[in-house]
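Just dropping this structure here.
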């Protein structure tokens, strides 16, 4: 505690900012009630007030804000307590706007914003202070990015997006490179802040041409987090390295690439972690995914079972799924182009590191160490890395010592061996980390030249722990360098501001840490002495520490020595002094790894492992001075056979730089980059160590504020003139301090000078600049005090007068009230008495009348009750009797229905059983018959018998058909006989009538009548029999149709299933084709690189084997030398290349074998020597001695030459083969037919070997012919049906006939669908299938395909013949009823179809044909397996049929020609009729003129013609019409014409095409019109008048098409003349929809253009415009308010500009006669955009959230509402869209007390809960008389809003500015008649002719 108090007192002395007051001013400021800050050991700073005036006494009484009195000791007037800012300045978003700039005010302001307003961002000059909330905040969405894009930093709420926008704007506007420096301690949120900054750049700088570069930039984050981040005690995702990412942009400010540089990876974490910490995330992610199949070979365990991951004893992080994170990492690897093989290799190397840590080392004899023989982890590690286990076992426990004459092998003790093992593990991880970073940079590199870049530096902040080592020293050294740049930049900005404003200023003294930096990096500095000590053979940490004492102690003020230690030193950094322990400095600086270990890894079987440790040119290598020695990675090698470790350059040697040198060099490069850019600073603060959300620890916060340089910014600002006001702002706020004579409205500066000269006597306290006034610290607070005093005095005076007036007014009202009360009281008493007398008399009369009424009512009630009872009883008895009879009747009916149902059910059951039995019996018979037929079908005799049987069968069927015809003839004869009898009856009836006239023949006639009646009865009975028989046949036919319908449904389902299967198979085939094409493409591409890559692989293999040779030589030397060391012979031979292969991971070797066996680009497979069996370690020497005699170099050269020759030969063969296959594919067009699933399976199996092309061509031609024939038959059938409909005078209207027609149409549709599917299948099979086997015969798939094809062809032929027969029969039966009547019924037409005989005969004939066709189909199916001869006969028959069909086609063409002739005749008749009606006289006159050959035609005068409202044009003039009417039409010309004239002209042209019935012409005209309008609008999309012109004409054309469509719904308002102009032949409803879509597109284009114009006007007009003068009083702005990103040339925009723009829009819309309803929709959309833009900006600007601004905004919005009323648009809904911003302004003006919670929630119905809370949090009073919104009030508002709208909640903060209302085009008919429209000459349409 004492130490903390001492540190606070030191800090207090350091940050004492109250020295600006003079002695004469101190007594004026430090008076009773003055608010001050007192140092506190717990709260750091504590608020208090002076309880007495300060007059120089040592102790002064104070009173704390939270209660309690105390005394504060003031030692001198230079150490006065800090003054507090007025309440009006608390919570400012820029700390530099505070009047008193000191540490407690900064801390308190950050605490208020963080805890009370949940604002995590605050500006501090050029620094953005970001406090980690430890909670997910919804303030980083794309809508927030859009709001900050293009805005100035000073106007928006602090946000990381504002800093990113500042950097992006500076880069794009000034062409300057930018850098964003994110710093802070672990857990402060640096990585997240850098990630969001990169996301902002990716969003605003997204490129449309590059392939997702911005996504790749963001994808690097999860990779770097997994391999570079770890859990620490302060942060669950702490970055353990520094990185600088340069995001490159092109000239269009689009991201084209990125580059990453990393700094000081914490390698020690790989082998050790502190308690409650973890290793790098990647290790735990791999262990969590150890159950994945691809990770099985890594033999991963739980993290607690690995040494390297179990030190911290915290393997899991709450809320983090390591397995899911690994998936994200792998996805990021794939996105960045790291293939799957390299990914698995990386995981394999990292798994080897884990197993490496589990290798157990034991003590041996003496100072030696050993590894157990059966250590599993060593074997697994060597297996995973592909290295020799025996070598690694050897060199983990030994090392080489190279002397001048010999190489010695020295054993390592257990501590040395453990250190070397850990060093190797760290080196492997570091090399893997570097390789991944290089791969990421390679992927993010762009071939396009970068124009500018923005760098994001995510680097560690200042660190100080209990034990600080080499890592903390480097980190703090880097922060010293960064702080120096920061101080210089802040100082530079301050001085530039003073120079720009031309004010007098003195040099600002700021903290310069250059001496501290020089002590670290200069010659003989700390790093230089450390490097020198590392070069010493016996260098130690103690010696180095003593050298530091000797060199710097007492000489450098930043260096000190601890009192009780001689192994530590202290450095006074800019933030604090840090004590460093020197233990381990030398080893960490050397970063020593034994060369033997590196050589073993270089000889790895895996290319990636060897690549990690290749000899690469090291940019950090430096020349070693002659005579100096080094212990870096020594390598022992023979004199003549090995490579030397040191490289010679002249007489000097080059050695690897130390870690300190490397870090210093990289830091120099970083500083050069940052100095060449414009920096932007983000300081991340960790509010607490418990990671609690929105919890603030002042102690931790103030430590970080001091360390990150925020307070230094405050100190530099406070040293000069921190408070700055523009002259208008100062005059606006402080004009109350001026007298009337001092005010000069024409010159605000003069007024400000007059005010300041009177209120501030000391001229040094302020300076007048060109545009601003500069104040010393505290002067603004002093001015605020004077202003509040003046306002308070004015308020008292106003209250005095108002209270007196109110008292006098109250007294007068009381006197007047008493007089009135007396007068009205006396009158009231008199009226009461008179009222009593009247009421007494009225009561007596009422009683009399009431008593009589009561008696009468009782009598009537009794009488009515008796009547009701009687009626109820009688009704009850009647209903009961009726109910009983009803029950009996229903019971009888139910019994009848049930018995009927039971009998019917029993009958159906018996019938169903009989049918099933018949079906089973017939199926068994059919199976037996089928089996017998299959056996017999193999013989030729059987085929002949079948043919004979078929002929007999056809003869029998023909006989049956003749018999049926005879029966039909007999039926007709009977009908004729019946007809004759009817005629005789008629004759008898006539004779009976004649007999009735003769009275003398009555008796005879009566007898004849009786006879005739008997005959008639007999005939009726016969007729009834015929009718019953007919009904029976009808029922049978209905049953047959139902069965056919069921069969059709089944067939349809089967067809759907087949189609589904075909679609799936087609998709599979398509995927297979694509993959095959891609494979071929990859092979072709790989062909050009295979030779080079293969050669490189051989070279690498040679290098690896050479390295292994050297390793084995060293091992042999050790094995053959006594006691571990001996002299190496110089004439040792080199081993053969085919040496013993090390043990390798089986899975990985299999993968490599498969990869090597693949085509190497020349159609060959890599030749691999057989792998020898594994040999133990003790057998290596023997193996080596046997292979000493082999010459490696010669053998290798010969093998390479032979290999190259073989590869070239095989490459030529492969190229020739590919060329042949491509030629065959180009010549081949394959066809296909619908085949079964089994055929598809066979085709899949034979795809590779299928080569038959000719067969496919034949099949394709054959199917094409069949499809052509089928289409012709279908056309012929349609034509014949049309002819039948025209020729037949009778109409069959039975339901069966309609059903058959529908069924036929459905079958035709299914046939068309089937043809389309067949064509698709043909294309698919033609592209993928070959049917010819290698021997030239058909393959199995080809045979099965041919069988299926023949079957389908036969089926098609059968259907075609059936159609021909049906057409022939139909042609025979197509006779008129009159002919039938004339032939059979004596010419009486009414008797022909009297009883539906024709329909019955038709159905019977159809049933007979169906049966015959079914039998014929069965016979054809039986003959599908015919031999070759039979197939030839069938083919000939098919050819005959084809010729027949061609004849039919010719006949069809003749019929079409005849139809055309008939149509032309009809048209000729119509024209002739029109000529006769209207224009015959004119035509005759013209003929006479021609006959007389009269030349002077002009002398003839015609009467006025009545036009038809059409315009005639030629086809070739269509292009000119579109060009002159659409493309070249100017809006000014169109505005002077008839509104909608272009639309009328176009429609009149359409009318003429309708009149001539030219569908092709109208289609061309409308298509070119639509395209022309689109082209015109696209070309002139920025010309609002032209866009409006074609929006109006598109709508008019749409309305005209509806008005003249002939639809009754659109003709209600037409005149009779307009109805005559309706379209007659065309239905253009589809084109109406297209034109409607076109109008919607034009509407959206116009709205977009309007919004782009209005966007810069919205905020100045609605929010910033101050229409009420003197209402607002601006507050002081910080440095962000004077941000350098703001443009100097700002266009003055105000509410008047917005109103003028709206008036312009209204004028344009009215000039082009846009529909009123559409105009309303346009302005509703515009007003919504204005509301959304204004509200979104309001929610992000604190300076707009106050009472006065609320009134200004409401006043500005009232102008917009009045504009709607003036333009009669108040009913358009536009005013409703302004409700959110109106309610926001009302919320700013409303009272904010607890009693107003309900009213505020009801008032803000259109605002969401986050919007209301945000406005209340941003609400900032501009005067002391206003109160801040308390937190308790905001909490109550939130609770109340949760209950609003029945639980429905809207959590959106910002309105969607891109939302658009749905647009509609209500029908608006025109009163203009088309015949009155004339085309003006200005349109240049003289080629149009009015008709």
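Our numbering is plain: 1 for the first residue shown, then up by one each step along the chain.
Any Cβ shown, glycine's included, is placed from N, Cα and C.
Automated prediction, rather than curation, is the source of TrEMBL annotations.
According to TrEMBL, the protein carries these features:
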DOMAIN    31-84  domain 'Myosin N-terminal SH3-like'
DOMAIN    90-788  domain 'Myosin motor'
BINDING   184, 185, 186, 187, 188, 189, 190, 191  ATP binding site
REGION    617-656  region 'Disordered'
COMPBIAS  647-656  compositional bias 'Polar residues'
REGION    667-689  region 'Actin-binding'
COILED    923-1115  coiled coil
REGION    1139-1177  region 'Disordered'
COILED    1197-1231  coiled coil
COILED    1256-1366  coiled coil
COILED    1402-1467  coiled coil
DOMAIN    1567-1843  domain 'Dilute'
Quick one: average pLDDT across the domain 'Dilute' (1567-1843), no decimals.
84
Let me know how many other Cβ atoms fall within 10 Å of the Cβ of residue 189 (ATP binding site).
24
Within 10 Å of each Cβ, count the other Cβ atoms and name the one among the binding-site residues 186, 191 with the highest count.
191
Note down the number of other Cβ atoms within 10 Å of the Cβ of residue 190 (ATP binding site), including every protein chain shown.
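If we count other Cβ atoms within 10 Å of residue 190 (ATP binding site), we arrive at 27.
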Tally of helix, strand and coil residues over the domain 'Myosin N-terminal SH3-like' (31-84) according to DSSP?
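DSSP classes over the domain 'Myosin N-terminal SH3-like' (31-84) add up to 3 helix, 26 strand, 25 coil.
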What's the number of neighbouring CB atoms sitting within 10 A of the CB on residue 184 (ATP binding site)?
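Step by step: centre on the Cβ of residue 184 (ATP binding site), count other Cβ atoms within 10 Å, giving 27.
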I want to check the contact list for residue 187 (ATP binding site): same chain, sequence separation of six or more, C-beta distance under 8 angstroms. What comes out?
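Counting only residues 6 or more apart in sequence, the Cβ neighbours of residue 187 (ATP binding site) under 8 Å are 132, 232, 234, 235, 238, 686, 691.
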Other than 184, 185, 186, 187, 188, 189, 190, 191, which residues of the same chain sit close to ATP? List them in sequence order, counting a residue when its Cβ is within 8 Å of the Cβ centroid of the site.
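Sorted by sequence, the hits are 132, 235, 238, 239, 461, 684, 686.
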For the region 'Actin-binding' (667-689), how many residues does DSSP put in helix, in strand and in coil?
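Split into helix, strand and coil, the region 'Actin-binding' (667-689) gives 9 helix, 8 strand, 6 coil.
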At a 10 Å cut-off from the C-beta of residue 188 (ATP binding site), count the other C-beta atoms across all protein chains.
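For residue 188 (ATP binding site), the count of other Cβ atoms within 10 Å is 25.
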To see if you understand the setup: which same-chain residues, six or more apart in sequence, place their Cβ under 8 Å from that of residue 185 (ATP binding site)?
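Those within reach of residue 185 (ATP binding site), by Cβ under 8 Å and sequence separation of 6 or more, are 234, 460, 461, 462, 463, 684, 686, 704, 707.
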